[in-house]
Every structure is written in structure tokens, then in C-alpha cells.
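Heads up, the thing below is written out as C-alpha cells.
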Amino acid sequence: MKILLTNDDGVRAPGLAALAEAMGAIGEVYVVAPDREQSAVGHALTLHHPLRATRIENNIFAVDGTPTDCVNLGIHSLLSFKPDIVVSGINRGGNLGDDITYSGTVSAAMEATLMGIPAIAVSLVTQNDGGNYSAAAAFVVKLAGIVSREGLPDDTFLNVNVPDLPAEQLRHPVITTQGKRSYEGTIVDKVDPRGRSYYWIGTVDLNFSDIEGSDYNAVSRGHISITPLHLDLTNYNSLAALKRWDLT
């Protein structure tokens, strides 16, 4: 099995290193990842300046672009083959609920799915640097084997969130729905020494709704969460109501 790995934390991130080491047990591993931190870039694609790729080891490339760029460049140029699976991660921090819309990790897996390649996004749910990447990586190896054997439904990829716990403390994996986050974002408004305003976007607290069966509900109780995501963003529950609108 030929495996393409990427992430949004950068090519030298510990989560990516742990994943590459573990995945080597089941196939040939190739890494095409950003040369720097690219968290929260979403599904951004670089279109207005050229990309550059640097080979830092035989099968490892660093790209001065986004995770989506890395998947595109890897599959269409840097590799001489189409990978059997793409795995994005292991992200430092969870990708849960509505936050997946910001995630470069999740978007890289989505990009592979657009190309018809089975894909998994995986994150370690931690508030710090995380110490249990190896446990998460071991689970991804098992899951990748299942995906290789069973396949995935059309236009579907998996978003996996693993609690930052030793392997022996992790509870069994569960299939979950995408959860919901309560947004209470803050803007930090400051003035630099030259009198110019500058801003930081962010929030201290991530407040998720504890919805039964959701990704957050699972990981907050020590379970590994596996959420099937798909490319069609249509809200089918709203179609009937909207079709009753008088748009003439």
C-alpha cells in the first residue's frame, strides 16, 4: 500500500513523525507537508504565486503552501503514482464540531476525497503539546487497514479525534456525528509602539455542546471518535421549506 501523509502543523511536527513511523508497518510512506504552521487555513489553495517544494529526505517533501496545496502537489507532481490512501495529521489539538470548517487537517483529507482517494483526518485532542501521539498513530494504522479492505462510501472521508491518553486508558472507538460549538470568539485589539492598531483573532475557551452521539461527547468520555464526513453540503432537511418560498 502506498500512503501519502500531510498535516497542517508543519513537516517537522511530532504528530506527523509519529504517524509516519507507525504507518511504515503497513505500506510505503510518503510525506508532503507544509514547511511551516498552517493551522486554521481551511481549504485554501494557493493560486496567485508559485509554490516551491524542498526534498528534505528521500520520501519527505516540505511545501511553502497550505495542506490542500500539499495534497495537490503531491498527487499531481511530486509523486509518480496515485496513493492508495491519504492520511492527514496527527493534528495537535482536536478538530471537533463546527471547527472542522477551519481545519487545514480536515481540508487536506477532503481534497484527497475530491480526487477519489480514500482519506482520513486524525487529531489528538489536547490543550498542550500532547504526549500520546504514538497511541493515536497505532489506532490509525488499524483504521487505515480497515479502510483499505472495506473501502469508504462515495464522497466520504473520516474525521478521527483521539483523546490525549495512553493507549491502555483509551476507551473503545465509536462512530459519531459532527458536534456543535458555541462561538464566543474574542478580538484582542491593541496599539503598537508606532500608534497603529493591530488585532488577534481567537478565543480562550472552546465551548462544545455535549450532544449524545457527537464527536465531542465521545472524546470527552475517553472514546476515540470516528465521524464520517461527505462532500455534499446540501441541507436536505431544508429543501422542502425553501421550495415553498415565492421566488418569482
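The backbone N, Cα and C atoms fix where each Cβ goes, glycine too.
Quick look at what Swiss-Prot annotates:
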BINDING   ASP8, ASP9, SER39, ASN91  divalent metal cation binding site
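With every protein chain in view, the residue among the binding-site residues ASP8, ASP9 whose Cβ has the most Cβ partners within 10 Å turns out to be ASP8. The binding-site residues in question are SER39, ASN91, and the one with the fewest Cβ neighbours inside 10 Å is SER39.
The DSSP secondary structure for ASP8 (divalent metal cation binding site) is coil. In the three-state DSSP assignment, the secondary structure recorded for SER39 (divalent metal cation binding site) is coil.
Excluding ASP8, ASP9, SER39, ASN91 themselves, the residues of that chain whose CB lies within 8 A of the CB mean position for the divalent metal cation site are, in sequence, ASN7, GLY10, ALA13, GLU37, GLN38, PRO67, GLY89, ARG92, GLY93, SER103, GLY104, THR105.
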